[in-house]
């Protein structure tokens, strides 16, 4: 398997040095998240760990909250709350979310967290469950203040170099590197990549939010997180969900939603000078036009990026047409499409509200991108 074992890989030996996480948010909180999606397969026949008498507690779901916290310590975030259903375990974190399936873990962290530093522990946890890594997907939108991040998250090229010391993957930049864009790294070790797979994920990353809307996400006496979830319209986005929500003090909001085997999550940074909202789900829809319209109606962003990952056989069909290019009240800035040999496609589109002029903040330096393998189709 093309991955360094946890016995020989550690950050110090590889020349990686932890820096102090000062949480310097004087110029605004860094809302855009780093996202790590790791899928596992059995090391051998019958190797996957299970808990007797608990049919749903298989593989990664046999790991308890305390053990997950030791993994998350490497990313410098903590578990706030936990919910579960028959399909997965959900954790709201101090900086975003963790979702755990029997053979998959999806972690999102914002701020100055060090998400990639937890990979070695994730690999070890998988081994303890009789699992090995089959696929790794790391992604993030461009950051507002990359210079305040902790290595390797100051630039995408540093992140790619870090990942390539562990995996043999490929890196892509989707969108205009001078404006809003999406960074993507994929390492695919699946033994049967041509088999039909049906996973799809949809993300909406929003900036320049309506200030009246954002006022709801400042903590107020006598107003609970659930009150905010209902009053804002979040509860109506995917009805029938189990929702775990949290209101931060003095401001900020996170929620995880479970809808049968699907997750969805929202994270909100409401301050006007750095406002940001993310919506992320793997709910299986034939198209995302209605859901996208509902999300935009709730938050009213000045600009947003929509990203769709879809495998062959996914309900959305051709991801290129899964959400409408012509979004009412918004002008599309660019659309980037990439098809992968493993049988999946990614579409990323950037939109700007028609009556708003956008001033972009400092982005990852272009020269830090040029050292990566950029492979895209601009349409």
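Just so it is clear, glycine is given a Cβ too, placed from its N, Cα and C backbone atoms.
What Swiss-Prot lists as active site is 30 (among others), and the listing cites similarity to another entry.
Per Swiss-Prot, the feature active site maps to 33 (among others). Annotation for residue 33 (active site): spatial neighbours 96, 108, 109, 110, 140, 141, 267, 278, criterion Cβ-Cβ under 8 Å with sequence separation of six or more. Secondary structure at residue 33 (active site), taken from DSSP and collapsed to helix, strand or coil, is coil.
According to DSSP, residue 96 (active site, schiff-base intermediate with substrate) is assigned to a strand segment. Positions annotated as active site, schiff-base intermediate with substrate by Swiss-Prot: 96.
Just so you know, the Cβ of residue 110 (active site, proton donor) picks up 27 other Cβ atoms within 10 Å once every protein chain is counted. Taken from Swiss-Prot, the feature active site, proton donor covers 110, and the record attributes it to similarity to another entry.
As annotated by Swiss-Prot, active site, proton acceptor applies to 254 (among others). Of all Cβ atoms in the shown protein chains, 26 besides its own fall within 10 Å of the Cβ of residue 254 (active site, proton acceptor). Under DSSP, residue 254 (active site, proton acceptor) is assigned to a strand (E or B) in the three-state scheme.
What Swiss-Prot lists as active site, proton acceptor is 267 (among others), and the listing cites similarity to another entry. For residue 267 (active site, proton acceptor), the Cβ neighbour count at a 10 Å cut-off comes to 25, with all displayed protein chains included.
The pyruvic acid (Ser) annotation in Swiss-Prot covers 96.
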Neighbour tally for residue 96 (active site, schiff-base intermediate with substrate), based on other Cβ positions within 10 Å of its Cβ: 26
In three-state DSSP terms, the structure that residue 110 (active site, proton donor) belongs to: coil
